[in-house]
Structure formats: C-alpha cells, structure tokens
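Asks: Residues annotated as transmembrane segment in TrEMBL: 12-36, 48-70, 91-117, 123-145, 166-186, 192-209, 307-330, 342-361, 394-412.
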C-alpha cells in the first residue's frame, strides 16, 4: 500500500507539473496579449470585476467542494460506492439550484450598478454572471476527477481551458476588436466549452459509482448539515479576505496600484502552481484518516516536500520572472519589486497540507476560526503597512499574516492530533523514509536510462 501511495503521488506530481509547464507557455501568451491590449487602468478594472465572482460566490456556498472531496474520499476508502454516489448527486443538485439563483441575482442586480457607477461596469458584471451557470458542471467534473485521482485528466482539463481562453482572446482582440469585455467573454466561453470537451472523461469516472446501491437516501440539502457549514464559512472567508486585500489597495492607492498588485499576485499564483504537492495530497489524505501513523506521515511529509520545493522554485522565480516582465511589459516593471517581496510568502504557503488534515478530521469549525484569525490580521495590519511603506507594504503584510496563520493552524492541529510531531527537524532533516524515497527515485532514473 505504501508503494501504491508513493506511486500515486509521483504520478500526480508528474502530470500536474507537466501540465503546469504547458500552462506557463500558454499563460505567458495570454498575459502578453492582455497586457499588450489593455492599459494598467483597464487591467485593474478587469481584475476588480473578476474579483466580484469569488465575493458573490457565497450564493454557491463556497467550501462545499472541499468537504465533498473529503467525504467522498473517506467513503471511497471504505469501499462504500453508494455513499460516494449519494454525496456526489446531492452536491450536483444543490449546485444547480444555487447556480441558477446566483446568476439571476447578479445578472439582474447589475442594473443597480449602472445607477451609481457606469453602464460599462454593469455590462461587465452581466458577462461574468454567466460563469455561475457553468459552475455546477465545472465543479462536479473536477470533483469526480479529484476523488478518483485522475491526475492526467485534471491536467488536461486545465490545459484545455487555458488554450481555449487564449483562442477566444485572439478572436475578441483581433477579429471582433473587443478589449476589456473580450477578456471576460473569453473567460466564460472557455469555461463552458471545456465542460463539453471533458464530459467524456467525466462519464468514464461517473459510471464506476453511478449505479451503486444507496443504503440511506438523503435530500440534496443534507450536504449542508453538521460540519459542512463551517467549511462554507471558511471558504467564503478565504475568498473574501483575498479579494478584500485587492480592494483595500484600490481604495488606498488607486486602480493602477490594484493593477500592479494583480500582476504581482498573479505571478505568485503561477509560481505556487509549479509546486502541486498539497493539491495532489488533498484527496489522498482523507482516505487514511483511520490509519493514524500513515495519516500523520502524509501530513508532515506533504508539508516538508512542499516547503523544500517552494524554496527552490521561489529562488528561480525571484530571478527569472522580473527579467521576463520588465523586458516584455515595461509598463508593469514597478510590480516586479513587489513580486520579489511577495515571493517570501511561498514559505508559509507551503503548509497547505494542514488544511487537508482539518477537512479529513471534520474539524472545519477549528479551521474557520483559524481563517478568521488570518482575515482579522490582514484587516488590522494592511492599512497601516500601506500607509507606512506604500505598495510594498502589501507584501510585508502578506508574509506576516500567512506566517502567523501557519502557527495558529499548527497549534490547533497539535491539539486535535496529540501524536503528530511537527517541528523544524521534521521539515528540514533527512530521515529513513526520505532516504527510501531518494533510492526509489534513483532506481527509477537508472531504469529510464536503460
């Protein structure tokens, strides 16, 4: 079983990293087009409009997805496919109902925006509102692929969506000559068409549990009971906090500063996507929640390898990305010093496996309070840091807030799992399991050369 887990993680890392490299190439072309066609102000406007989606995603009950992945993974680990089917079906039905209401509220509510701001803002919000209609299908496909550890198909999904987005951008920019609205149209169209393209892969997974007998049927809203509400609160608080940071920058420093911050945070996001270990472990960790020793090892080793990888990738990104951006997009050169400061946030961000442990333990309430602690820290620290340091203050606040958030999660997790050992030594020193892993990697490399 240990070898099976190791092989699964290795395959996930291989496919995810491979797709990420492709995405970087496609993403670079996308960024080049967008930054070439839009001014700093227009880019900031697009990012502000797009930030409305996660803020208003409260209608879709953010956080349900993470809970569903954890619960389906636990049920699959027990071999209860009927439970897997029931959880998935209830999730899809709930998302369909909520997605329609979310679209209606945002689409028709956009007319109110025009009364207070501009007609353009209303139109842009109406465009992105259609993403709510696509979201139930998009989310369901991705959840099924995650639970069944279909890393190749997950990688294909992200690549297809990004390639389609690039294609639509070309059409809107150079054929239809639509700039700001074109970015939003391309985003929504790419999401919808990718769902159609990936339906075949989804149904291959779905048929493995679609006819499994359900022992106890529950209404679709049952997914909201018990610990799920805390998962919802946590996810929304996450999205709210991330987008609140952007809006605080906008109100204190202006729309152009928001655009510069968006470029820097976008590059940071691209950098973290090169280190997929935490996301790969998310559906694996819950399957071993009843095997304590292995459960502990997966959490600690996940953090360890994510941390070491983050340091290596962060050093490379610190040096390479600024050269590329300054050469290709000199108008955005000012954002690179901010990015280089934000890179240090990769260290606390590498503790993502801790979040998967909270979901596996059904300890979303504890995670919510830890996330609330982080959000309050950001609200308290960010304004004075911007006042004292200007735009670089955003980077200083980000690193400090995330570091304190890590310490809080470790404190709570030690209380929930008294037997787990997490200290500096466990993250930076090589032990017997690390040596075994290195030997397997060396053995695989030797075989590949023959």
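Positions of Cβ are set from backbone N, Cα and C atoms, glycine also.
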Asks: Near the transmembrane segment (166-186), which residues from the same chain, at least 6 beyond its ends, have a CB less than 8 A from one of its CBs?
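Replies: Same-chain contacts beyond the flanks: 26, 29-30, 33-34, 37-38, 42, 45-46, 49-50, 120, 123-124, 127-128.
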Asks: What residues in the same chain, six or more past the boundaries of the transmembrane segment (123-145), come closer than 8 Å to it by Cβ-Cβ distance?
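Replies: For the transmembrane segment (123-145), the list is 45-46, 49-50, 52-53, 59-60, 65, 68-69, 72, 88, 91-92, 95-96, 98-100, 102-103, 106-107, 110, 113, 153-154, 157, 180-181, 184-185, 187-188, 191-192, 194-195, 198-199, 201-202, 205-206.
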Asks: Under 8 Å between C-beta atoms and at least six residues away from its ends: which parts of the chain pack against the transmembrane segment (192-209)?
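Replies: For the transmembrane segment (192-209), the nonlocal Cβ contacts are 81-82, 84-85, 88, 130, 134, 137-138, 140-141, 144-145, 148, 150, 153, 156-157, 160-161, 164.
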